Amino acid sequence: MSVTLSESLEPDAVESREHLPGPTSKRRRARPRLTAKLVVGSAVVAAIVLFAIVGPFVTQNPSAISDVGLQPPGDGHLLGTTQTGQDVFAQLAHATRGSLTIGVVVGVLTVVLSSLFGVIGAYAGGVTDEVFNLFTNIALVIPGLPLVIIISSYVPNKSIWLIAVVLAITGWAGSARVIRGFTLSLRGRDYVLASKVAGERTWRVILVEILPNLIPLLASQFVFAIIFAILGEAGLSFLGLGASNSFTWGTMLYYAQNGLALRLGAWWWFVPPGLLLALFGAALSLINFSIDEAINPKLRSQTRSQRKGWRLTDKQLEAVKEDAL
Amino acid sequence: MTTIELRGVTKDYRVRDGMRGSTLRAVDDVSLVLEPGRTIALVGQSGSGKSTIAKMLLQLERPTAGEILLDGKPVPRGRRGRHAYRGQVQMVFQDPFASLNPYHTIGHHIARPIQLHHPRLSRAEVTERVHDLLRRVRLHPAATFAERRPHELSGGQRQRAAIARALAPSPGILVADEPVSMLDVSIRLGVLNLLGDLQRQEDLGVLYITHDLATARHFSDEILVMYKGVIVERGPADDVILNPKHEYTRLLAAAAPNPERRLAELSS
């Protein structure tokens, strides 16, 4: 047996050297694949974010009234004016900033709340899990719209932050359930047990061993929460329940509706905010799809165009048929 | 030098079945002693309680009855006691594809136990020990492997990295829960021999959990056969294999391929 022992070690050692991966592998893992979806989505999002940051500095005062009401685009007003002569482009810049602020605030709050309740409950298990899960389920069924109506009747001066907090409170539970499910599958993995055996503290097991593996999921939940918040806020504002004295895409649409923009044919008033809303939502969805594909490669492999690529050309098909005959 | 003793250890699990509950006795009154330099093989079929014993040895589960003694003393309650215990008892998991965190480098996996159990070492000293451990499990060049992530390694390489992690706190007892069952047949012997060499170098007490009688006989001094939570047979390795007393051991021995018996059958 001793002969086989020494021999068996040698090929093993050789195998180790042959299996050495190349030096490029570290970068390969660091970023997701640059698919068309990701590129288009990120480009649109980047453009809109840039507009939200820079726009308000270079435009006029969005609230300034003038006597040129409902002027079509051109001649000093890039996107025309509203009924009371306010510059639509300036309003759009401020509205973009307002909507994105709400989106980001709600996105961050949602991720923090949902990972707090999802991860800790699922990791702790037992009574803690039951309590956290019950709380999540209750939050899941709190209806957002009636809650905001109630709040708006009590608070006369609603800030943009209040709306963001309300949207976050009504919106975090869904993603908490998703995160909980994923954590339940992670916490029983051998590497979590191994880190416990190594003597890691509980908070370190959660933060260092489990949370990094949730990053793709958290990223997609974050993006989803932003879409949810911006659309939700637009809906609330359109109903007149939004933040007072603020500009968002929703309030622009609300004032356009109130000013009979549709009936007067003032398309430059309601098309820009509506279009940006749709574009931004679509772009974030594209980013979300590519994150999903990164998490689950099965979603990626068989698109229609790729299946077409595998197909034989007519010439090849003929050749195969002839061979078969 | 570490000795660990299981004395009459029993583990019950509550099984919920709708409103009614019942208890499942996974391990029933098991006693065994792990001593430095000795390998004990725990053989049994799936669900016989082998892995439950491993979990209790690592303080991942608490025994329902009986006690676990480290150097003759019961394991202290609380975090600090458990921490000291885990510096002495370490484990190699079954599945090398699941036991390494895909997010972290191999170096991280080995450095953490060193940092946890030897907090006074400087960063350079920790790195030096990581490389030393990687060299000892024959992952050359160590510096390159330390930077790799688990998915870039083959199964055998991962399992050797997992062995290096288990050895990182310099334990006296090593629990190996079917360390080669998920590996390619061609590299099993290499990993087992590596474990054997390390055991001799470190004078480790090893509990080798397996369902493979052949490797159990080859690598261990003593074999315990478990069946439905009870140890049905125990004794020196050759005795258990050559003169099986219990029904189940005979079944196991008969299931292993035996060329001599087969040749005898063919010739008759």
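Just so you know, glycine gets a Cβ as well, placed from its N, Cα and C.
What TrEMBL annotates here:
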type	residues	note
DOMAIN	A:96-288	domain 'ABC transmembrane type-1'
REGION	A:1-29	region 'Disordered'
TRANSMEM	A:34-58	transmembrane segment
TRANSMEM	A:100-124	transmembrane segment
TRANSMEM	A:131-154	transmembrane segment
TRANSMEM	A:160-179	transmembrane segment
TRANSMEM	A:267-291	transmembrane segment
Worksheet item: Other than its close neighbours in sequence, what residues sit by the transmembrane segment (A:131-154), given a CB gap under 8 Å and a spacing of at least six beyond its ends?
Response: 117-118, 120-121, 124, 162-163, 166-167, 169-174, 176-177, 180, 232, 235-236, 241
Worksheet item: Considering pairs 6 or more residues apart, do the transmembrane segment (A:34-58) and the transmembrane segment (A:267-291) have at least three CB pairs under 8 Å?
Response: yes
Item to complete: Using a Cβ cut-off of under 8 Å, list the residues of the same chain at least 6 residues beyond the transmembrane segment (A:160-179) that approach it.
Response: 98, 101-102, 105-106, 109-111, 113-115, 117-119, 122, 136-137, 139-140, 142-144, 147-148, 151, 214, 217-218, 221, 224-225, 228-229, 232-233, 236, 242-243, 246, 248
